[in-house]
Structures are given as structure tokens and as C-alpha cells.
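Novice: The domain 'HAMP' annotation in TrEMBL covers A:192-243. Annotation source TrEMBL lists domain 'Histidine kinase' at A:251-463. Among the features that TrEMBL reports, transmembrane segment is placed at A:20-42, A:172-195.
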Amino acid sequence: MSLTPMAELRPTLSLGARLVAGLGALLAIGGVVLALAAFAYGRTAAREAFDRLLVGAANDIASAISIREGQVVVDLPASAFQLLALAPEDRVAYRVSGPGGKLLTGYEDLPDPPSRGGGPAFYDAAFLGEPARYIVVSRRFAERSFSGRVEVVVGQTLRARNDLARDITGKALVVLAIGGLAMLLLALLIVRGALGPLDRLAARLEARDPQDLTPLDGRVPREVLPMVQGINGFMGRLDRQFGTMRRLISDTAHQLRNPVAALRAQADLARDEPDPERQRLLVARIHARTVGLGHLLDQMLSRAMVVHRGDSARRAVLDLRDIALAAVEAGDPQLIAEGASVALEIEEDPVPVRGDELSLTEAAKNLLSNALKHGQAPVRVGVSQQGREARLWVEDAGPGPSAEVRARLGERFVAGAAQGGGSGSGLGLSIAGAVAEAFGGRLEMTGGEGAPFRMALVLEVAE
Amino acid sequence: MRTLPKGGQRHRRGVPGRGVALLVGALLTGATVLFGLMPGAARAEPEAIREFGEGAQIVLRTTTDIGAMAPAVERFLATRPDLSVRYEQWGSNDLFALTAEECAAGTPGAHLVISSAVHHLVKLVNDRCAAPWVSGPAAALPDALVWRNEIWGITREPAVIVYNRALVPASEVPRSRFDLLDLLRPERTPYAGKVATYDIEASGLGFLFAFMDSQEASTFGALMEAFARTGAVATCCSAEIIRGVQEGRYLMAYNVLGSYAQTRAAEDPLLGIVAPSDYTLVLSRAAILPGPVADPRAGALLDFLLSAEGQLALARERLIGLDPDAEEEAGRQVPIGLGLPLLLAMDPAKVAQFTSRWRDAFGPGRP
């Protein structure tokens, strides 16, 4: 298995790590946003809770204001201070002032509310150098002896508010952290689950016997399907090439055993022959057999080449007429020299097919050579197109092979077996058949029994 | 009152007159402004001063008699020979006025202030005149005796009724405020003009006790009425009141600080003490560390006073707890918690109303 060397495969960040990093970043960003939200919520909640306290205290004080003999009397209720003491660590500022801002009781130098509307209003300001929250409420009196507005300002420092806000935020953050961790854990499980099929695929590939080139089957996720199909196609090609190689070796052994044995026997005879005349005869026979053997080897290599190319060569659009012409021109010098004549019949329009030029030419040459060798003159070569089918045919005047041979034609070494060695011409048809198969076509045999015998390579017309 | 010098008596005599001026001032302008005006009139002096030890000086200003706290201070200096203590004994109102004035000026003159008029110190804390101090002994105090880590209650002293055993028959000894009311009810009661209590205008502690009474129960109104009707005596200072009872000028005294009474009772078997059974106010003298930043040496003194050893020294001087021997009957104890609610006792309007009610009751019969 000579695959691409490992050195050139550089692993990048794993899919799992990418997913976990992405999800982690997502959770982190979400966590920051939620933490800010929790912080804002904590502040708001604490502010509202303690603002109510301020309202209660201010109203308590306001309701304790009365008019006695034309004078405003402020009898501060203890309940107001007990209410404010619910924020146990905070200092309290208060002021009750009559019309014209006249101080009735409390702290004189408190910051004034930003606007003096009728209703209660909150505002933030300092109390003796410490930030505080104030409320202002006013109460209007319309008595015979006194008419006017009395204003109550109550303020409180922010310690309890900040503590509560911190507490709420802290608790929210704890829940958030637990939730975030749980989500991260779940995300890990999900990532592992999602990448599971890939791991199982990798494990199956790894566990495979190196000789096992059968396609992978079973269920795979859609995203991975093209990859698995690619692997399967690759393995299929590899398998076919292995097969070709095996067959070549097996054919070679099969085809060469007998001729080589015969050669050896004749060489033995020739060595021991005392009569020079007979020895010369034997040597001539040995020569003839060697030539045949060479031819056989040529054909076998050619077939292996054709089968290999059928799998690996690029397919181009070709004109089938060019193929026929090339086959005729190349010819079989030996046979042509024996005085055989070949007629070429092609049409004017191009006949486009998809295939490998070299393989197709080889197939055509083999058909022609077969006809010249086994058929009867005249031999004709032609190209025709009928509908979607393109044909390259070779015709001779003979009756064609016997029915028995016909039935077995196209198999790998029919001719060789039938003739018991020798030229091995049956291999030629086998090559043509293999080529036809490689480019999605077939080998067709018609005629004989009176009509001219014709063999045709049938291919689909290319667009 | 071993250490009470002449200055203290002079000061006490001066108090009632200034009390009126104080009150008028409070009505017009509010306490804060008033205390700012004080030094222009007559600068207050400490009642007594004593120096303890030699070394870096801690200025301690307190309303506590020097004798009561001297053992604790001496024990502290025994553990810290590098320090010395300048002990200044003050009247509670003067101490508050001085501390508030120094706070406003940003020049704290004392490192540690301890006062029985705890509402004064709560007000100072609310006015941001006290520095925070966090330590083990301070953190061990119950919540009611700490506020903001700026004020701490260092003693436990009940407000009691004292009486003269020779002059008050055992059957007539009041166990509660209701008994006291019953004693004062008859038309020609022998107790008329013979019951004494603090003058709340002169004594911060007296004001605090009376004010807490008014917050605690409705008996206080009836008691004021009875005091007014029978011509009870409002006067100054624990020592003077107790001496009056001992000498027979008064038959009994109401709302006397238990620590002083117990000290005297230990020497004088004629002095009887009752912790009212309806409720007994328990005062924790409060301490603050004046200034924006606490003085660590004063903090160490505070820590010592709050530590087991310091508390033991204070307890020996009867500043802590009700002594089971001296106490004839224990009632429900109502501690005066240190916190915001005491601020009410410092509200100028509230103070003016309360004192005016008080003066209405005691006004004609005042000595």
C-alpha cells in the first residue's frame, strides 16, 4: 500500500478542539453578558428594596407633622428610625423644613433635591462626604392658622444597598457558573457524540486487513458520505489494478508454460540431433515458436496496459473515425505484407465518443489483426453511428469462428487454449472486450453462416 | 468619688443655667450649630485629669469616674509599658459638645471617647466623627452593641431604684414602677419631695434613661405626673443623688446607674438597690475612636477593654452585670442598643418637646 507518505500529512487542530473552543468562547461571551445583566439586576433590586424603606420612613415623618397654635410641630416617630435601621450599617440624614426652607429639625446642610415638584422624588447626593440616596416628600397644610408646604428629606448611605446588590450578583454569578460548567460538560458530550461516526470510521479503516479492498458499507453521516465514497472509489480502482496485476501474472504463467515447455523440448531435440539437416529444421521451428511467443507477450502486456488505462487514464472526446484510421494505418505489418488488403469505410460526419485514444486504438488494431489472421479477404474496417450508438467494425468474408469458439470469445485466453499455444490470437478479442467494458460499451458479433462475419466495438456517442 | 476634684463641683453648679441656654438654642437653631457656639461662651473644662504610665500618650475622654476605670487602664498599661494614658473625666454634655466641635474642625483631641450618654456617641457616628476599627474582641460583641464597627458597648449597667433601708420600711420597698406609683399616689404620702431622679437637662445619661423610659412603656407618663404632683427632686449626678439617699435627704432615687449604686452599697449597708421587675434598662457605656482614622494605640486599649481580662477588670468595679448579691430582684432586662433609633434622642425638635414636658412637670418644684 504505497499511499501518500505520512510526513506530508500535517494534522491541524482537531474538530473536537475546534468545536469545544468555539462553544467555550460562546459560553464565555454569554457568561460575561449575563454577569453584567446580573450586576445591573442586583443593583436595581437593591435600590428598589431600600427605596421603599426610604419612602416608608419619609411618610412616617411627614404624617407625624402637625400644626399647633399656628406652629408646625414635628414629633419624629421612633418607627421611622426603626424602619431605617433595617439597613443596619447605614447613616441617616433627615431634614424637615417649613415654608421658605426654614429648618424645623434635622440636618441643616443637606443637599437640596434637584427639582421641587409635588410628589415624592428620589435623588443621589452625598451625606457628609459619603454617597447617599435621598427622598423628598412634602405635605401641604391648609389650616386657618397655618398654610403652606412642609418638606421632609430623608437620606441614607448606601452600605446596605451595595451589600444586597453584591449578594444578589454573587448568588446569580454562582448559579451562572454552575450552569455554564454544566453547559460546557454537555457541549463536550454533544461534540463527542457528533464526532463519534468519524472515530468509528477511522477505527474501521484502521482495523481493516491491508489486503481488504472491499468498499466500506454501513451508515455514515451525510457530511462524511462524499469522503467515504471517495475512499471506496479509490479502493475500487486499487482493487481492480491489483486484480489486473494478478490476472496478468496468472495469464502469463498459464500462457507461457506450454510454449516454453515445447521450446525447451525442441531445443533438447536440436541439441541431441546428430543430423545437421534435421537440426537446422528444428532450429527453424524453434525460431517460429519464439516469434509467436514474442507476439503473445506483446499482446498480454498490451491488454494489461489497456485495462490499467481504462481505470486511470483521462477520458477525452475522440472521433471514432480517427481511431479506425490509426488502426488501419498501423496495421499488422506482418499480415499486410502477406498481401492482405484492408478497405476503410468511414462517413463524413465525425463520430464522437468518450475514451482513451491509446486504448481504443489498441482495441481496433486487435480486431483488425484478428480478422486478417483468422478471417478471409476482403477485410473491411468501418465506423458508423446509429442513434446513440457508435460502432467501429471489422468485417471479413469468412464464416467466423465455430459456434463453440464464439460462445467463449472474449474470455481471456480462449484462442491460446483452443490452439494449444502458439500465436495466442484470442487474446486480441479479449483486449477489445476489456476496452469496450472499460468505456461503458460492448463487443458485438454479427454475420457468419453465409453473411460476412463482423465484429464491432459499440460505444455511446458523446455529447 | 475619691477623685472628684473641686472643679467638678463648680462645673455642676454651672450646669442648670447653661442647660436653659442650651435648650433655647436647640429650639432656635438645632444642636449642631449650638455646640459650635459653645466655646465662645465659656470653654468647658474636664472634671478631673490623671496621667497613667510613661510613653506614647493615648488621650482618653470619658464620663466614667476615674476610680471605676483606673484598674482596667493600669492592667492595660501593664501589658503595654510603651504607652501612657491621659485620662480626662468629663460631664457628658460637655464631652459631646467638645467632640462634635473638634470633629467639625477636623482636629480630634482625644484618641478614645467613652460616654454613658450613648445617644451622643451614636449622633457622632452618624455625623461621621468616628473611625471604624475591626478586631477580634470588637467582632465578638453582640449586634446590638456594635454599630458600623464605629461604636462599641463596653459595659452592662442597669438603671436601678435606690432607697434608704433605715427610712423605707421593707414592706414599702418598690419592686417595680407600679409599686413606686402606688407609693406616690396617697394624698399625704411621706415620699412627697423625698424622691430624687436625674435632671435630664443637666445630665445626658439622665435624659437618655428618661427618654428610653418614654419609649419603653406608658408608665413613664404616669410617673412624670406623680413626680410633678409630689414635688420630686430632679438633680444632677449619680454621686450626689446617692449621697442624698444615704444622708436621708431623699428616701429613694429613681433611675440611678447601678454601677455607682452597687459600689456605694458595698460600703454602706443602709443603701438598698432594686432592679425594677417590670423592666430594667441596661446601659452599655459606648466607646468611639474619634477622627477619620482610628489611632491604633487607642484601638489596642479598646480591644483590651473588650477582651476577657479587660471585662473582668470592669466587672470588679461593677461596670458589668448585675451583682447577684446587691440586686434584690431581677426584672426583664432591656438593653439600650447602639444604633439608629438612638438618633431620635438627639433630634432637636424631639429634645425640645421632651424637655419642655419635663420642665412642665418639674418646673415649679425645681430646687
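Cβ atoms here come from the backbone N, Cα and C positions, even for glycine.
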Novice: Report, as numbers and ranges, every residue of the chain located at least six residues beyond the transmembrane segment (A:20-42) whose Cβ falls under 8 Å of a Cβ in that stretch; write 'none' if there are none.
Specialist: 13, 164-169, 172-173, 176-177, 180, 183-184, 187-188, 191
Novice: Cβ under 8 Å to the transmembrane segment (A:172-195), counting only same-chain residues 6 or more beyond its ends: which ones?
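Specialist: Answer is 15-16, 19-20, 23-24, 27, 30-31, 34-35, 38, 41-42.
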Novice: Looking at the domain 'HAMP' (A:192-243) alone, can you tell me the average pLDDT?
Specialist: 85
Novice: For the domain 'HAMP' (A:192-243), jot down how many residues DSSP puts in helix, in strand and in coil.
Specialist: 35 helix, 0 strand, 17 coil
